[in-house]
Amino acid sequence: MSMLRTLMCLVTAAMIINSAIATTTFTVGGPTGGWDIGTNLQTWSSSQPFSVGDGLIFQYTPNHNLLEVSKEDYDACQSSNPIQVYPSGATPITLTAPGSRYFICGVGGHCSLGMKVEILTLGAPALSPAQSPETTTLPSDPPISPSAYPSPTETPSSQPPASAGPMTVPSFPLTGSPQSFNPANALSTLPPPIAAAKARATSSILFVILMLVALFL
């Protein structure tokens, strides 16, 4: 069951990838013509939007063949130094890179009669208007005048700073003496809220000690 589920996931992924890569296969000279002398191959080629990944199908009879040549040999209809020779009668060609590729028929005289075609491949499929990304122009910040900020050499004020008088440290009277320290007197010298909190904490500690003593007796 797990292998079947994995296989189904792989098939689904392959279908998604195949649909995402939009390529087209062109029959050269089609749909009304083909790879022959009677078809205006240059007019057909100039009307097709070839992109990287697209494919070509050359279909021809046994009295023709297919040669891929350089631009110089294409212009001169020279078939003695081909890049590749295809004699099958049904030749698929994949456009794998942008740029021009040149094809002629190598049978004597056929190229001069118009059996030649230049295939110009673009870099990538063009986006339709609905797919074209929208460009958004962001507003620019308003210019800031240099006068809005003080110069480093400027001083905030020409008036001299006011002189500060001597600092007076407040003194607090001490109650009791170190030799006769009394916790009750210490609590009484604290402000009322702090003294009450200390008293409650002391009572709670005494209560806990009494409870522990009672448990162990």
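Each residue, glycine too, has its Cβ placed from N, Cα and C.
Annotation comment: TrEMBL describes 1-22 as signal peptide. Under the heading domain 'Phytocyanin', TrEMBL lists 24-123. If you look up TrEMBL, you'll see 128-175 marked as region 'Disordered'. Among the features that TrEMBL reports, compositional bias 'Polar residues' is placed at 129-139. Summarising the annotation, TrEMBL assigns compositional bias 'Low complexity' to 150-164.
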Residue distribution over DSSP helix, strand and coil in the domain 'Phytocyanin' (24-123): 12 helix, 34 strand, 54 coil
Mean predicted confidence [pLDDT] for the domain 'Phytocyanin' (24-123): 95
